[in-house]
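Student: Feature list, courtesy of TrEMBL:
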BINDING   ILE75, GLU123, ASP149  S-adenosyl-L-methionine binding site
DOMAIN    80-202  domain 'Ribosomal RNA adenine methylase transferase N-terminal'
Amino acid sequence: MWVPGVGLPSRLMLSALTRAGRFCILKSGAVRLMDVPAGNRRGLSDYHPHMMPSVGFGKSSSRVYRCRSETKRYITSPRAAETLVRILRGKRKSCQLFLECNPGPGILTRALLESGAKVIALESDKTFIPHLKSLGKKMNGRLEVVYCDFFKLDPRSRGILTPPIMTSDMLFQYLGIEAQPWSKGAPLKAIGILPPKNERNALWKLLHDLYSCTSVYKYGRVELNLFITEKECRESCLSFGTYTANGQLAKQKHREPLEQNLCFIQLTPHRNLFTGTLTPFNYDVFFHMLRQCFMKRSAKLIDHLHSLSPIDATHILKQIKKNKDVKVIDMYPEDFQHLFEVIECSKDDNYKWLYDDFMEDVIM
């Protein structure tokens with residue numbers, strides 16, 4: 001199973017999703033491939049790594065626009081756009097449906113359209129909408145432009161919603177997109193750059209939507225193609241520690257500012273999303289457990305267990321084969337899976353989890 005968690009480093013999050021592979025880090029003038037150790041892979045999602053040539057991400061060729069005090073990044077390099085299209089389209093020549101999140105100046109939009117794809121451009125900055133609509137007039141109905149922010153779909157506090165904030169039901173009904181059975185392939189592909197100001201919460205919400213089969217996942221196994229800053233990938237990874245192939249703790253090397261580099265990941269949920277223990281009825285408890293642990297990631301796991309479950313914490317640690325001094329940062333994704341299964345399958349207590357107000361606030 002995939003142990004999701006914002007707060008888990010992206011490297012470990014990917015390792016929990018995939019088989020042996022790599023992901024790329026893009027910056028101005030260089031590309032590096034980061035190995036993801038094969039030993040940590042347990043997948044509920046297919047991950048497809050790609051080598052990308054030197055493309056213009058960063059100050060040299062990316063422009064930063066400000067909208068409502070939010071910093072946003074856009075693809076402004078035609079070469080980068082063409083490379084992305086080759087990755088996104090693969091060998092398929094038939095028309096595919098893409099949900100492009102905040103396309104901005106439309107460089108990637110044009111490249112997708114020229115490849116024969118159909119694009120729904122969800123743009124949250126009105127400044128770019130006239131240009132995108134003008135582009136759509138030349139594409140015989142293959143470009144739909146909507147004033148919408150993909151990363152703010154289905155806010156937890158509803159009330160009266162006004163664009164660019166809306167629900168996925170409003171959006172998909174407007175576009176005429178029907179729900180597809182989970183057993184079928186991806187009904188569409190979403191492509192975008194996570195907002196740098198709120199990457200972690202945005203990822204956490206997407207993961208919750210996945211396991212609850214809500215928001216865009218209510219319409220099928222949507223494939224996500226996302227850029228995330230290397231800073232976010234590494235920040236938590238430094239807390240966890242990075243291990244070499246022989247299991248030794250690797251030394252961390254500090255390099256240039258990581259917020260200038262972007263990692264590109266592709267995620268598609270598996271058909272068998274749940275296991276015998278993790279089900280649609282207890283996924284929220286699983287999320288609560290992870291969120292509670294990562295609030296104090298440097299603390300000992302046993303201290304968290306006292307507030308998570310009435311079951312004897314020492315007994316739990318013995319069952320997952322961890323000593324009493326183990327910390328949250330020492331745990332790998334599969335360790336959290338095992339921890340959840342041990343508590344959930346325990347026969348010692350009628351009540352396995354402690355419920356508090358935090359349980360009702362799993363998602364930001």
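Cβ coordinates are placed from backbone N, Cα and C, and glycine is handled just like the others.
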Student: Assuming the binding residues for S-adenosyl-L-methionine are exactly those in the record, ILE75, GLU123, ASP149, what is the maximum CA-CA distance in angstrom, rounded?
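Tutor: If we measure all Cα pairs in ILE75, GLU123, ASP149, the largest is 17 Å.
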Student: Output, ordered by sequence, the same-chain residues six or more apart from GLU123 (S-adenosyl-L-methionine binding site) with a CB under 8 Å from its CB, or 'none'.
Tutor: ASN102, PRO103, GLY104, ILE129, LEU132, VAL145, VAL146, TYR147, CYS148, PRO164
Student: Restricting to the chain of ASP149 (S-adenosyl-L-methionine binding site) and a gap of 6 or more, list residues whose Cβ falls under 8 Å of its Cβ, or answer none.
Tutor: CYS101, ASN102, LEU122, SER124, PRO164, ILE165
Student: Have a look around ILE75 (S-adenosyl-L-methionine binding site) and count the other CB atoms within 10 A of its CB, chains all included.
Tutor: 27
Student: Looking only at the domain 'Ribosomal RNA adenine methylase transferase N-terminal' (80-202), how are its residues distributed among DSSP helix, strand and coil?
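Tutor: Summed over the domain 'Ribosomal RNA adenine methylase transferase N-terminal' (80-202), the classes give 47 helix, 21 strand, 55 coil.
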